[in-house]
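Novice: The structure follows.
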Amino acid sequence: MALNHTALPQDERLPHYLRDGDPFASKLSWEADLVAGFYLTIIGILSTFGNGYVLYMSSRRKKKLRPAEIMTINLAVCDLGISVVGKPFTIISCFCHRWVFGWIGCRWYGWAGFFFGCGSLITMTAVSLDRYLKICYLSYGVWLKRKHAYICLAAIWAYASFWTTMPLVGLGDYVPEPFGTSCTLDWWLAQASVGGQVFILNILFFCLLLPTAVIVFSYVKIIAKVKSSSKEVAHFDSRIHSSHVLEMKLTKVAMLICAGFLIAWIPYAVVSVWSAFGRPDSIPIQLSVVPTLLAKSAAMYNPIIYQVIDYKFACCQTGGLKATKKKSLEGFRLHTVTTVRKSSAVLEIHEEWE
């Protein structure tokens with residue numbers, strides 16, 4: 001079961017929530033809490049409507065969804081869960097200048113945030129790996145069916161459930177953040193024992209480092225594949241140059257996905273690692289809240305990156321332009337199939353991303 005926190009004598013080796021008096025009292029000024037509250041309110045509203053719209057539009061064409069789209073929609077589910085289940089707790093607490101939901105609410109909020117956050121990251125990992133295999137190994141797209149996507153979703157939720165439930169069964173806990181109006185995984189457990197260090201290291205590796213490595217590897221390989229493929233077929237027909245715009249867009253999308261994730265979560269991860277293995281008291285309270293607020297913004301712009309840009313919801317702008325572009329690419333595909341077999345395979349890469 002989760003640890004039962006009670007007041008203990010003052011000791012520098014104790015975590016902040018055991019030695020700083022009321023752990024749920026805000027350590028920020030009223031003004032800072034109000035700013036944080038309004039910021040999270042705006043982020044929460046935009047995220048809820050953005051991800052809700054994505055799910056609504058997807059439900060209208062649910063029978064036509066491709067396997068990769070099904071996995072990507074799961075990202076919107078995770079982000080919507082963070083916005084609906086998590087953000088109201090912090091927003092109310094910011095406006096009240098203290099955490100008002102007690103230890104039970106703290107553990108629920110910490111679990112929900114970690115659960116949907118982990119699910120979101122693992123979904124990103126699955127999508128990036130799927131795209132890497134489909135772009136770099138064309139035969140992969142032939143056998144991937146909708147049922148495989150649903151199996152992948154089940155594995156994602158099982159993975160997230162396993163790691164986020166472990167702190168509730170005695171291997172850790174969810175505790176207040178140093179600034180008092182939010183809760184998180186007990187990173188400070190690593191300061192107390194070797195067992196705590198092992199647990200935190202496992203969390204960091206399986207829920208952050210490994211997924212991040214897969215995402216970066218996948219998109220670097222995709223970028224390299226698209227660039228090399230363009231060079232191989234560019235001299236066969238001048239019409240291949242029309243795909244250069246698409247190539248640049250794909251490169252930018254991959255960079256946005258990686259950059260968006262890194263910008264949102266790496267600062268929070270750095271602070272968490274320092275809290276676990278460094279000198280947590282050396283981090284100013286006012287500074288510790290910034291990575292938390294930044295990480296919470298990921299639920300807002302993820303639907304923009306994954307749904308609007310990558311899956312081209314904006315393609316509804318002009319049907320004529322889309323039809324012309326499709327016709328041009330299909331014509332070139334037929335031409336290359338009859339002349340150079342290799343070039344047709346490469347063109348599949350570009351069409352797969354359209």
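Using the three backbone atoms N, Cα and C, a Cβ is placed for every residue, glycine included.
According to Swiss-Prot, the protein has these features:
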type	residues	note
TOPO_DOM	1-33	topological domain 'Extracellular'
CARBOHYD	N4	N-linked glycosylation site
TRANSMEM	34-54	transmembrane segment
TOPO_DOM	55-74	topological domain 'Cytoplasmic'
TRANSMEM	75-95	transmembrane segment
TOPO_DOM	96-108	topological domain 'Extracellular'
DISULFID	C106-C183	disulfide bond
TRANSMEM	109-129	transmembrane segment
TOPO_DOM	130-150	topological domain 'Cytoplasmic'
TRANSMEM	151-171	transmembrane segment
TOPO_DOM	172-197	topological domain 'Extracellular'
TRANSMEM	198-218	transmembrane segment
TOPO_DOM	219-252	topological domain 'Cytoplasmic'
TRANSMEM	253-273	transmembrane segment
TOPO_DOM	274-288	topological domain 'Extracellular'
TRANSMEM	289-309	transmembrane segment
MOD_RES	K296	N6-(retinylidene)lysine
TOPO_DOM	310-353	topological domain 'Cytoplasmic'
LIPID	C315	S-palmitoyl cysteine
LIPID	C316	S-palmitoyl cysteine
Novice: List every residue in the same chain as K296 (N6-(retinylidene)lysine), at least 6 positions away in sequence, whose Cβ is under 8 Å from its Cβ.
Specialist: L40, I43, I82, K87, T90
Novice: Long-range neighbours only, meaning 6 or more apart in sequence with Cβ under 8 Å: which ones does C183 (disulfide bond) have?
Specialist: W99, C106, R107, Y109, G110, G113, Y174, V175, P176, E177
Novice: Which range wins on Cβ pairs under 8 Å with the transmembrane segment (34-54): 75-95, 151-171, 198-218?
Specialist: 75-95
Novice: I'd like the number of other C-beta atoms within 10 A of the C-beta of C106 (disulfide bond), please.
Specialist: 26
Novice: State the mean pLDDT for the topological domain 'Extracellular' (172-197).
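Specialist: Across the residues of the topological domain 'Extracellular' (172-197) the model's pLDDT averages 92 on the 0 to 100 scale.
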Novice: Reduced to three states, what secondary structure does DSSP give K296 (N6-(retinylidene)lysine)?
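Specialist: Note: K296 (N6-(retinylidene)lysine) is helical by DSSP.
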Novice: Are there residues at least 6 beyond the ends of the transmembrane segment (75-95) whose Cβ is under 8 Å from a Cβ of it, and what are they?
Specialist: 26, 33-34, 36-37, 40-41, 43-44, 47-48, 51-52, 54-55, 58, 101, 105, 109, 112-113, 115-117, 119-120, 123-124, 127, 181-182, 296, 298-300, 302-303, 306-307
Novice: Any residues 6+ beyond the ends of the topological domain 'Extracellular' (172-197) with a Cβ under 8 Å from its own?
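Specialist: The answer is 2-3, 5, 13, 15-17, 23-28, 33, 36, 89-90, 93-94, 97-99, 106-107, 109-111, 113-114, 166, 203, 272-273, 275-277, 280, 283, 285-286, 288-289, 292.
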